[in-house]
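TrEMBL lists 254-403 with the feature domain 'Oxidoreductase molybdopterin-binding'. For 505-533, the entry in TrEMBL reads region 'Disordered'. TrEMBL lists 75-95, 102-121, 127-144, 172-194 with the feature transmembrane segment.
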Amino acid sequence: MTAAGPAARPGRLRGAAGALAAAALGVGAGQLAALVTGPGTGPVDAVAGRVVALTPPAVAEIATVGIGLGSRATVVTGVLVVAAAAVAAAGALSGRSDRPGTAGLAALGLLGVLAGGTAAGGGPLDVLPAVVALVVAVTAFRRLHRLGARIPAGPVLPDGRPLRDSLTRRRFLRAAGLAGAGGIAAAAGAGVLAPRLPSGRIGPAREALTARLRALAAAGRIPPAPPVPAGAAFPGGTAFATPVADFYRIDTALRVPAVDPAGWTLRVHGMVGRELLLDLDDLLARPLVERWVTLSCVSNEVGGDLVSTTRFTGVELAPLLAAAVPDPAADQVFSTSVDGWTAGSPSSLVLDPAAGALLAVAMDGEALPVEHGFPVRIVVPGLYGYVSATKWVTDIELTTFAARADYWRVRGWAPPGPTETASRIDSPTPYARVPAGRVVVTGAAWAVPRGISRVEVGVGDPAAGGWVDAELGPVPAEGATWRMWRAELDLPAGGHTVRCRATDGAGAVQTGQRRSPLPGAATGWPERPVTAV
Ligand SMILES: Nc1nc2c(c(=O)[nH]1)N[C@H]1C(S)=C(S)[C@@H](COP(=O)(O)O)O[C@H]1N2
Ligand SMILES: [Mo]
């Protein structure tokens with residue numbers, strides 16, 4: 001037997017392994033570079049972010065409810081798997097020449113550069129991590145390709161392989177292993193370092209803001225919201241105030257923006273007589289208020305839990321915007337987050353002082369959690385979150401609905417309208433087995449800002465009537481929050497379907513017509529099967 005290969009060339013396996021190791025090193029270097037450019041600018045995040053942003057309207061419904069933590073990880077994993085497959089294929093094709101692998105890595109790198117450069121709300125420096133990743137990956141691949149080349153000449157081992165080849169193999173494996181492990185270590189190190197760097201130094205900044213707000217409250221600068229009255233919630237039911245950790249969360253942020261409050265500004269511009277630019281000190285120098293608000297997501301299914309209630313602290317938005325002297329022709333208040341997400345709210349509501357729109361800085365007496373918009377977000381009682389509740393807000397433009405469409409309107413969701421009157425059964429649990437006889441049912445109902453005047457509970461055929469009035473819990477402030485309810489039913493042994501319907505403060509009964517979310521909110525009476533035994 002003589003030498004294995006006709007010329008100096010790595011096999012397919014070495015080509016693929018070399019390309020993968022080089023790509024890992026490149027991504028690791030890119031993640032390190034992202035420590036400079038900020039959260040979400042790493043090459044993988046940038047591409048994943050574009051994948052989310054370019055999601056076609058047809059799957060927007062999944063995206064709006066689904067871009068929670070689970071699916072965020074799914075998008076990143078998907079990008080990594082596809083990229084790794086492409087890299088391995090390009091590497092395997094690199095026989096005599098390193099060109100296919102070089103071209104494949106360069107193409108992926110350019111995709112990252114493009115993604116980083118076009119990310120909404122990003123700066124020109126955001127392409128840096130992808131450029132670093134590209135250069136490092138291509139350089140590493142070319143070196144590994146050279147190292148991996150089999151050299152056919154020379155003595156042959158007893159198993160038929162050339163001696164030189166076993167040497168190059170060891171050399172190649174060591175270099176590729178080092179590159180791959182180095183890349184993974186760099187990426188992991190960057191992940192550990194990121195939250196400790198200035199842009200990620202959010203924990204202490206949050207505590208500082210909370211302490212500042214406490215001091216303002218102690219100095220009487222924040223008139224406290226009315227306390228939750230005794231009996232606002234019922235035994236077995238949901239708490240009136242949602243613990244902040246349980247407050248539902250919906251956003252498109254692949255990585256939660258880390259906004260340093262020291263550098264935060266809010267610009268108010270567009271169709272205004274006077275532009276405003278505020279920093280956090282300017283904001284906190286204004287009168288602060290505390291307000292109970294129930295916030296809900298338009299994509300909430302009937303009976304779903306994308307609805308929560310808390311005590312927001314913040315600055316009234318209406319007088320602040322009035323100071324900018326809005327043009328009466330501007331029918332839209334268009335707000336933008338630092339991550340480029342946008343929401344368009346009707347000016348008629350936001351500019352109305354009675355509506356109570358807030359630039360919120362705290363939930364339940366503490367600075368906003370980072371994932372709920374730290375340091376400043378908008379809350380507009382009476383609008384769904386997708387057209388109002390901009391987290392990490394940094395820009396407000398007075399404009400028209402004709403001139404600009406916000407993030408979700410572009411993706412097929414309806415422009416803002418009044419919120420639907422909604423209700424939910426919280427206990428008994430679905431398919432619960434309850435003792436026959438007297439059965440207690442509890443739940444929540446909300447119709448912000450109209451309030452809830454009545455809740456009825458029914459069993460059996462809704463057309464046959466038989467609705468029973470529920471007892472309503474008291475609320476700390478009329479209109480802007482949900483209302484807890486409790487009813488007693490007499491259920492004979494057997495299977496039953498319990499349903500409920502609410503009446504809003506204006507006397508309108510919640511519609512029983514079943515409708516799924518998209519383009520607007522879901523409607524219909526919630527139903528719950530229970531078995532009495
Ligand atoms: N920057 C930003 N703000 C956002 C969103 C978003 O994706 N990005 N989602 C909105 C939607 S659809 C809702 S329902 C509310 C949810 O607020 P929460 O996550 O604090 O519950 O935030 C709104 N604000
Ligand atoms: Mo939402």
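The backbone N, Cα and C atoms fix where each Cβ goes, glycine too.
Counting only same-chain residues 6+ beyond the ends of the transmembrane segment (75-95), those with a CB under 8 A from a CB of the stretch are 9-10, 12-13, 15-20, 23, 44-45, 47-48, 51-52, 67, 101-105, 108, 141, 145, 254. For the domain 'Oxidoreductase molybdopterin-binding' (254-403), the mean pLDDT of the prediction comes to 96.
Residues 60-61, 64-65, 298-304, 384, 412-414, 417, 419-425, 428, 430-437, 439, 443, 445, 447, 450-453, 462, 478-479, 491-499 of the same chain sit 6 or more residues outside the region 'Disordered' (505-533) yet have a Cβ under 8 Å from a Cβ within it. Across the domain 'Oxidoreductase molybdopterin-binding' (254-403), DSSP classifies residues as 27 helix, 60 strand, 63 coil. Here the transmembrane segment (172-194) has long-range neighbours at 10, 14, 17-18, 20-29, 31-32, 34-35, 39, 42, 140, 143-144, 147-148, 200, meaning same-chain residues at least 6 beyond its ends whose C-beta is under 8 angstroms from one of its own. DSSP labels the residues of the region 'Disordered' (505-533) in these numbers: 0 helix, 9 strand, 20 coil.
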